Amino acid sequence: MEVVQLQTRFVEYTASLFREGYLDAQFTQLQQLQDESNPDFVVEVVSLFFEDSERLLNDLTRALNQQSVDFKKVDANVHQLKGSSSSIGAQRIKNACITFRNFCDEQNIEASLRCLQQVKQEYSLVKNKLDTLFRLEQQIVAAGGSIPVME
Amino acid sequence: MVCEMENNHLEEMDIEVLSSMWPEDINEAGRQFNIEKPGGDQDMLEEVTIIEEPTIVDFKRLLELTNYSEKGSSQLAYLVKNWEYKQANVVRLLREELDNLNKQRQEVELKKLEILEEHRFEEERYGCDKRPISILDEVYDIWQDVPRRRNVVVVENKGLEIDAECDTVIYWKQQAMHLEKLFGGKHSARAVVIGHQDKELRYRFIYNHFPSLQEEDIIGKTDVEIFTGAGVKESQEFKREVLERGLPAKREITFETELFGSKTFLIYVEPVFSKAGETIGVNYMGMDVTDQVFDLLIKDEFIMFLLAQQVRKREKMAKVREELAVQKAKETELNKTIHITEETMRAKQMLATMSHEIRSPLSGVVSMAEILSTTKLDKEQRQLLNVMLSSGDLVLQLINDILDLSKVESGVMKLEATKFRPREVVKHVLQTAAASLQKILTLEGHVADDVPVEVIGDVLRIRQILTNLISNAIKFTHEGNVGIKLYVVPEPYPGDGEGHHKIIADQSTVTENTQKDDRCLSMSQCISKQKDFYGKEHEEGPYQNHTLNDEPKTPVENEASMDEDNENHLHLHETTVWIRCDVYDTGIGIPVFYKIYLSVTNDTNILFYTPDICMHMEQVELMGGHLTVSSREHYGSTFTFVLPYKVSPICEDSDDPDELSDMADHDAAVDDNDEDTSSGFFQFQPRTLGSLFSSSSSGRAQKLSANNFGFSAFHKLNGFADDSCSFPSNNIISKEMTSVDDACSVVDASETSSEPKSSLKLSPVSDSKVARGKKCHDDENGQFQNPCKYSSHSSRVSREVDEITKPRDAQETCQMQSKSDRSSRCSSSSGPEIPKSASKPKILLVEDNKINVMVTQSMMKQLGHKIDVVNNGVEAVHAVQCHNYDLILMDVCMPVMDGLQATRLIRSFEETGNWDAAVNAGIEQHMPPSDSSPNGQEFQLSTKRIPIIAMTANALAESADECFANGMDSFVSKPVNFPKLKQCLEQYLP
């Protein structure tokens, strides 16, 4: 594929992610942090985020399937997830986490499980989207182009 | 007829007989002629009466006369004949006349009936009012009044509900009596029937003057059931029509019934409504108007009566309409008020927003001015700058007040309990007033010795009240003085319970307090003293130590309570003291200037109602005190308010900018006059702007020299430099300096395990000074540029700046004094000089979230900062134990120990110089690594206040409040981004 085409796709795809609310301005912040001295910053951070999130989600799943749910722990985990997702601008996860925390406050197991499902879903969605984005990036780089800078 | 006449007029005739004798004969022919003359002419009537006069005279005399002569008898016969003829004529004339009248009467009646017909359903014209019930409701009100209405000519019988029969019967009887009375005089036999019929037109009540039927024959039946014959049906239908149309009407109906024979009744029927507006029946009023001539009159009167009723109804309608209009007007008014209220609310909202908007840049201006005040300035510049600061401060205050005001009015005003120094407040208020004073007035402040140096109260509001009272006083005073007096009074409401005990207990605390305050003061005193009397400084020093050693518990207590809620902490120690504040003037007195607003409530106290003072009264009352005024015309007024204040015996807190937050602002402006905290008397003589302030505080004021300013400025800068130095050697030196000084101020050499101070104190100082010398200006720029650029940060934040800078001043000024003494004051003249050799601020990030760490770190990197990262509060405390940081970014929610607690522990260390609180919280004390002191001197921590910025996920106000309450300086909402971080760094890093 032509570099220009790839770049256009990249821009459009990124725009759609913002438009559909998967990402917010914080992600732009991350992109701005990426420079020559730190060319893979976004990928690094996001990978870390994936790693961290998966761990947290596993912990959460475990914690919520326990006989007696330790909501304090659950809440702490969700808080973590919320913090990291908001840091990378994964808006929808963050929002799901906010709801999740409310149910943690209420100690509502059922709703918490539901929220967990939702967070998981949002997570996998964002993960897919970002993976696609990064693949695009790689393709652009591989094709010798530069990654367009988003506004 | 003749006989009658004779009898009646017998006596009167005697006189007239003689006189009439002659003329009668003479005029006979003429008379006849006259009699004949009035034929069809109506005018004849008058002549008839004239003629009649002589005829009265005649008979008896004539008889006498006839006895005398034949001629007389024939004459008499003729006369009689003549008279009879005349009579007949008169009768005929009268008849004619009567007929005529009758005809006219009928015409008139016809016309009236026409009019009546015309008005029969005229109520329809009031169609605009679709609820006739509203009228009835009005009428309904007379229910209770009915029995009393007996004397009223006509009662509003219309529309009365016949629910309570008893009342109604009374009412109707009364009504009937009225009618009877009305008609009775003229025609007592007139049959008047009044009744009420329900929806089915069954009689529920009837009144008949000549009852031909028993009540039981009528009640519960309809017309048709009672009567038969012509007209009954008509009347029944007429009533039904009224019932259906819901409008009163009249009709003349001729009945042809077995019971009464042929009778014509004029019937007036009106509908009766229930309260809900449904027609529930009719009232019926009938009157026999059968054929007699005089019936016409009665009929007229009846019609008139009905018409009058109509008129009354119309009047009532008008009244109702009027009321409606009034109501509508009221409604409109109300709507308008609501609208205005809404507008006001909106305006207030806008005002609040605007105030916010204004506050931000203004606070920038003020903080810049404050920073400017730390630079080298000459005396005049400094004084001008002070005025500028005061004014800026006041504007800030005013804006805050506006915000407060909207709070007060919306009823959500919270009183803030902040520690403040009454003397400073008084002084500052006076100073501010003096700054804008355009009269030759002396402003003075007297603060009694028994007033605690520090009290807890809502300083903002108290200041506001004082400021306004003073400006009022100045406004109305043309010569003499205006001043503030502060003194402790016994509790004004002894009934309040514990009060007394408290006061008594206070005495001890207060004295204790004063003692401690003395210590505090002595610190500040030493500032000035050192400058002029180096020798004395040593005397002061031991005194400090002594006092502190006397009360070694206090810091510990303080620490322990630091873990608890701040408020609790206050409650533990506080007692109440009532302080009376008099704002007096030698002005024109109240009668002139508040005349309009005044309302004298008792002999001595006058409450007044100017808006702002009224507000102050409310405020004072809200704070548990009261505001009064006494005044003598031409001699002046005194406004007095008495307020309870909490007194905290812990003096150390006074150095804590958190708790002094409000005063801190003002401290900035006056920090060079610290000694005034102890002085009880201030005077601001009328002078030129250049020398606004003079304090004759027991000789201390004189020390307010340019040197003094220079000093504090220098020290301030120096303090910054210390913080920012990361270059090893310099850093160490400066740190040593500070630490030594800190130790001096904290005075627990043993506890902080510090080394022999005396040697340290002396050796590096002068060197370092010299070394720093050249850097000063760059540094100045480097430090203060940024805040200048970014003056748009929120006021809160900028306030924090003040708070941070100030305590340093306080401490360092004090600390540095000793040094400067020893270094022969070389630095005082050389101005601020600090090395900045490629030093980078040391920043600590406390954050448990890896992603956040990564992002923040990377952002900081881009901003040119390398940061230390720890993952929780305990680690943060450890880090602070080992390094001197210039800024801490602290996550709030963290495992192990959250940011709030960590902040408290760090603050506790800064205040007490030891880590006891941390140890108590279970944190092992880490000693700084030995390699941190390359000079072989042990690492000494600074107890300078480190700016701690909270990083909070939920940037809600509560969360922010919590951060501030726990000693944090500001907060950055997460996720952090460039602008936020940048602003924060620019603000907090020198």
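Glycine is no exception: its Cβ is also placed from the backbone N, Cα and C atoms.
The stretch that TrEMBL tags with coiled coil, taken from the ranges B:35-62, B:91-118, B:315-342, is B:91-118. B:D891 (4-aspartylphosphate) carries a strand DSSP state (E or B). Across the domain 'Response regulatory' (B:842-989), DSSP helix (H, G, I), strand (E, B) and coil residues number 65 helix, 22 strand, 61 coil. Around B:D891 (4-aspartylphosphate), the same-chain residues at least 6 positions away in sequence with a Cβ under 8 Å from its Cβ are B:V846, B:E847, B:D848, B:N849, B:N852, B:G899, B:A950, B:M951, B:T952. Per-residue confidence over the domain 'Response regulatory' (B:842-989) averages out at a pLDDT of 77.
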